[in-house]
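Presented below is the structure to which this report refers.
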Amino acid sequence: MYVGAGWKGVWMLGAFFALGVMATAWKKEQKQANAAGEAHSQQRSAAQVFANGGVAAIAAILAYLLPAQAGLFRLLLAAALASAMADTLSSELGMVYGKRFFNILSGKPEAKGLDGVISIEGTLIGVAGALIAGVIHILPGWNGTELLIVTVSGIIGNLADSLAGALWERKQLIGNNTVNFLNTLVAAAIAWGLYVVVPV
């Protein structure tokens with residue numbers, strides 16, 4: 001991560017893991033008692049690490065190999081981690097602070113913890129997570145456009161995670177690691193598209 005994105009990339013990755021660990025541990029007993037369905041394993045396997053950080057790692061490698069396009073790939077890295085951060089925080093803290101849980105596709109009330117089920121509170125927490133990644137990306141200076149691109153891409157990636165959960169994971173067509181990889185890939189793709197359309 002460092003060779004492609006420097007200390008900023010390391011800080012962003014560190015923030016993701018630190019916030020993820022804290023969010024997972026926060027009121028863990030309450031979440032386990034109230035969760036519906038089969039909970040995903042809390043142990044970090046190599047597959048889970050790649051699912052959350054693989055797209056960002058690939059972007060970092062490309063930033064190193066293609067220095068002329070390093071700015072673009074660092075933006076994609078930030079977007080991927082923004083989505084991973086948004087997903088983790090919205091899932092873990094939404095279980096605690098969510099008031100009304102509903103299926104992202106139908107809008108009908110459903111039990112918390114099911115794939116594809118979200119809450120307004122959890123979604124807003126996810127927005128905050130994406131924003132944190134965006135702020136780390138632009139520091140120590142200020143670039144409002146890149147902040148917006150990273151944050152919006154992270155939010156969309158997080159929503160894509162819930163959509164994939166409702167459409168495919170709930171039917172056991174794909175697993176949680178695949179869903180996590182897809183949400184970061186979607187975020188990176190959105191960031192790339194916005195980079196092309198919006199002057200940075």
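Every residue gets a Cβ built from N, Cα and C, even glycine.
The following features are taken from TrEMBL:
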TRANSMEM  6-26  transmembrane segment
TRANSMEM  47-66  transmembrane segment
TRANSMEM  72-97  transmembrane segment
TRANSMEM  118-142  transmembrane segment
TRANSMEM  148-168  transmembrane segment
TRANSMEM  180-198  transmembrane segment
Segment proximity, the transmembrane segment (180-198) to the transmembrane segment (47-66), 3 or more C-beta pairs under 8 Å: yes
Criterion met for the transmembrane segment (118-142) and the transmembrane segment (6-26) (at least three Cβ pairs under 8 Å): yes
Remote residues contacting the transmembrane segment (72-97) - C-beta distance under 8 A, at least 6 residues beyond either end: 4-5, 8-9, 12-13, 15-16, 19-20, 23-24, 26-27, 30-31, 34-35, 52-53, 55-56, 59-60, 62-63, 66, 112-113, 118-119, 121-123, 125-130, 132-134, 136-137, 146, 149-151, 153-158, 160-161, 180, 183-188, 190-192, 195, 200
